[in-house]
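Colleague: The structure that follows is given in the form of C-alpha cells.
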Amino acid sequence: MMGHRPVLVLSQNTKRESGRKVQSGNINAAKTIADIIRTCLGPKSMMKMLLDPMGGIVMTNDGNAILREIQVQHPAAKSMIEISRTQDEEVGGGTTSVIILAGEMLSVAEHFLEQQMHPTVVISAYRKALDDMISTLKKISIPVDINDSDMMLNIINSSITTKAISRWSSLACNIALDAVKTVQFEENGRKEIDIKKYAKVEKIPGGIIEDSCVLRGVMINKDVTHPRMRRYIKNPRIVLLDSSLEYKKGESQTDIEITREEDFTRILQMEEEYIQQLCEDIIQLKPDVVITEKGISDLAQHYLMRANITAIRRVRKTDNNRIARACGARIVSRPEELREDDVGTGAGLLEIKKIGDEYFTFITECKDPKACTILLRGASKEILSEVERNLQDAMQVCRNVLLDPQLVPGGGASEMAVAHALTEKSKAMTGVEQWPYRAVAQALEVIPRTLIQNCGASTIRLLTSLRAKHTQENCETWGVNGETGTLVDVKELGIWEPLAVKLQTYKTAVETAVLLLRIDDIVSGHKKKGDDQSRQGGAPDAGQE
C-alpha cells in the first residue's frame, strides 16, 4: 500500500476551483460588470471616462464602448463583455440592457443555488421562461409603417435620448434616417442595408455639431496628385482603377545585362512607352477624373494633366467601393480593358475643398447614390467619437425597423408586461421549477428599476404602483418616464423600441445566464516566469513530480 502521499493529477502550477465556489464567483463577476454599467441606462444616464493603455481618453455611456476598454481577469466577466459586443454587432442597440439583465438573471439564481437546487432545474426553468418571454413580446408588439417618417424619427429619437447626442436629437434622427434610406438596396425582393460598408462616418474636428450633414455621395480625405489639375468639375466622368499607373516590375527577379549604352536608353524608353500606353488607354474614354487604389507615377500624372484629367491616388479599397456605388462606376483592374460602361456618370459634382488644414475630395449630388458619407463636425475629438458611436446606434435602430417593422413599448414597459405575463403563468405551474421561473419575472424588473434609480426617484413606491398598473386591462404600455422618474403611458410619449433589439436582448441575456450557471469548475493554468528556462532542461524534472 502506498503511503498517504497526495496524488497530483494536475500539474502544480494550475489553480482549480470547483463546485459552489465557482458558481458564486461567476455570479459575482457578472454582477460586478452589470454594476459598472448600471448607471448608463436611460436618458438620465451618467458618462464614464476611461483611460486607454495608450493614454488616450474615452468618454462614453455606450455599454459596449465602456466594456471594450476595461481589462478584466475573471473568465465569467470576459464572457459578459463578449455578449455586449455580440449585441452591438447583431442589432446595434440594447448593449447596456443586455448586461444588466444577464447580471440580474444570475443574481436571482444565486438564491436557489444556496438552497441546494440543482443548476439544471434552474436552467430548464429559464429556458421555458425565455420561450414565454418571446411569445409575450410578439403579442404586445405593434406593426409600423416604415414610410411614415415622423414615426421613424420618433423611434430613432427614443434610442438617441439616452445618449450624449440627445441635445441635437432632431438633427441626429434626420441624419440617421437619411443615411439608412440612402444605402437601402433591394434586389429580387431581398432587402440589404449594409451600414458598415456604405455609410461612412467622417469626423472632422472644428465647426459645430449643427454643421454635420449627410452627403448625397462620398467624401475622401485626399487631394489631387498634381497642383495644376482641376479641383472643381461639374458632371464628372469618373474612372475607378485598382491597379497602379507605374512601370510594372516583373513578379520574379530578372537580371538585364547591358553591353551597349544605347540599350540603357532603350530600357528607359520602354518604361516610358509602357506608361504612355496605359495613359492613352484611359484618355481614350475622355474621363474627367481617374481614381486609383495604388500609386500614379510622375510621368503618368504629366500625361493625365495634359489631357485635363484630375487624378487621385492611394484611395482606400472601402472608399473606392463606396464611390463605385455612389456614381455607378465599375472598378477596373486593367486600364487596357476599360469600356464605356465602366465610367461612372452618376455624380453631379466633384470638388476639392480645404477644411482646417487638410484637403477633402467631395463627390456629391449623385443621382441615385447607394452609398453615402456622414460628415460630422464638432469641437473636440472625444465629442466627435462619442457622437459617431451614438449615430451608429441610431442607424442600426433604423435599419432594424426597416428590416423588421415591429415595435414594442420602451421605458421599461415591455419588461413589466412580460414580467406580469410570466408571474401569471407561474401560478399554474407545479413543482420546483415554478420558483426560478417566477424569479425571471423578478429579474426583468431590473430595467424599470434602474431607470427609476438613475432619475433619483423612489424605487420601491414607483415599482409597486407600476406592478399594480400592469395587472389592469390594456395597460401594457405603462412604463417609466426616464427624464422625470414618474409613471407614464409610453405610447403617448412615443417611446418605442424595435422588436428585433428586444428579442435579441432577452435571448442573449438568458443564454448567458444559462451558460454561466452550467459552469462548475474552473482550471486556470498559470505560466510561471521560470517556466521557459525549465522547459529546456526540464525533462528529468518532470519524472520526479
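Backbone N, Cα and C atoms are what each Cβ position is placed from, and that goes for glycine too.
The N-acetylmethionine annotation in Swiss-Prot covers MET1, and the record cites similarity to another entry as its basis. Taken from Swiss-Prot, the feature region 'Disordered' covers 1-24, 526-545. The phosphoserine annotation in Swiss-Prot covers SER11, SER170, SER243, SER244, SER252. What Swiss-Prot lists as SUMO2 cross-link is LYS15, LYS248, LYS249, LYS381. According to Swiss-Prot, the ADP binding site annotation covers GLY42, GLY94, THR95, THR96, SER97, THR162, LYS163, GLY411, GLY482, GLU483, GLU497, LYS502, on the basis of similarity to another entry. Feature annotation from Swiss-Prot assigns ATP binding site to GLY42, GLY94, THR95, THR96, GLY411, GLY482, GLU497. Residues or ranges marked as N6-acetyllysine by Swiss-Prot on the basis of similarity to another entry: LYS222. According to Swiss-Prot, the phosphotyrosine annotation covers TYR247, on the basis of similarity to another entry. The annotation disulfide bond is assigned in Swiss-Prot to CYS366-CYS372. The annotation phosphothreonine is assigned in Swiss-Prot to THR430, THR459 on the grounds of similarity to another entry.
I would like each feature placed in context: is it buried or exposed, what are its neighbours, and how far apart are things?
Modeller: SER11 (phosphoserine) carries neither a helix nor a strand DSSP state and counts as coil.
For LYS15 (SUMO2 cross-link), the count of additional Cβ atoms within 10 Å of its Cβ stands at 10 [all protein chains shown].
In sequence order, GLN87, GLU497, VAL501, LYS502, GLN504, THR505 are the residues near GLY94 (ATP binding site), counting only same-chain partners six or more apart with C-beta under 8 A.
When secondary structure is read from DSSP and collapsed to three states, GLY411 (ATP binding site) falls in the coil class. Within 10 Å of the Cβ of GLY411 (ATP binding site) there are 28 other Cβ atoms, across all protein chains.
Here the Cβ of SER170 (phosphoserine) has 10 other Cβ atoms within 10 Å, regardless of which shown protein chain they belong to. SER170 (phosphoserine) carries a helical DSSP state (H, G or I).
LYS222 (N6-acetyllysine): 18 other CB atoms within 10 A of its CB, across all protein chains.
Counting every protein chain shown, the Cβ of SER243 (phosphoserine) has 16 other Cβ atoms within 10 Å. Under the DSSP three-state reduction, SER243 (phosphoserine) is assigned to coil, being neither helix nor strand.
Every protein chain shown contributes to the tally, and the Cβ of SER244 (phosphoserine) ends up with 18 other Cβ atoms within 10 Å.
TYR247 (phosphotyrosine) counts 16 other C-beta atoms within 10 Å of its own C-beta, drawing on all protein chains shown.
The secondary structure of LYS248 (SUMO2 cross-link), as reduced to three states from DSSP, is coil rather than helix or strand.
Its own atom aside, the Cβ of SER252 (phosphoserine) has 5 Cβ atoms within 10 angstroms in the protein chains shown.
Following the DSSP three-state reduction, the secondary structure of CYS366 (disulfide bond) is coil. Packing around CYS366 (disulfide bond) is summarised by its Cβ count: 24 other Cβ atoms lie within 10 angstroms of its Cβ, all protein chains included.
Secondary structure at LYS381 (SUMO2 cross-link), as computed by DSSP, is helix.
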Colleague: Cα distance, GLY411 (ATP binding site) to SER244 (phosphoserine), nearest Å?
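Modeller: SER244 (phosphoserine) to GLY411 (ATP binding site), Cα-Cα distance: 55 Å.
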Colleague: Taking 10 A as the limit, how many CB atoms besides its own sit near the CB of THR96 (ATP binding site)?
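Modeller: For THR96 (ATP binding site), the 10 Å Cβ neighbour count is 28.
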Colleague: Check GLU497 (ADP binding site) against DSSP and tell me helix, strand or coil, would you?
Modeller: strand
Colleague: Looking only at THR95, SER97, THR430, THR459, the recorded positions on record, which one has the least crowded Cβ, with the fewest other Cβ atoms within 10 Å?
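Modeller: Comparing Cβ neighbours within 10 Å for the recorded positions THR95, SER97, THR430, THR459, THR430 has the fewest.
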Colleague: About how far apart, in whole Å, are the alpha carbons (Cα) of GLY42 (ADP binding site) and THR459 (phosphothreonine)?
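Modeller: Rounded to the nearest whole number, the Cα-Cα distance is 15 Å.
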Colleague: Considering only the recorded positions THR96, SER97, LYS249, which residue has the minimal Cα-Cα separation from THR430 (phosphothreonine)?
Modeller: SER97
Colleague: Sort the recorded positions LYS15, SER243, LYS248, CYS372 by C-alpha distance from SER97 (ADP binding site) and give me just the closest.
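Modeller: If we rank LYS15, SER243, LYS248, CYS372 by Cα distance to SER97 (ADP binding site), first place goes to CYS372.
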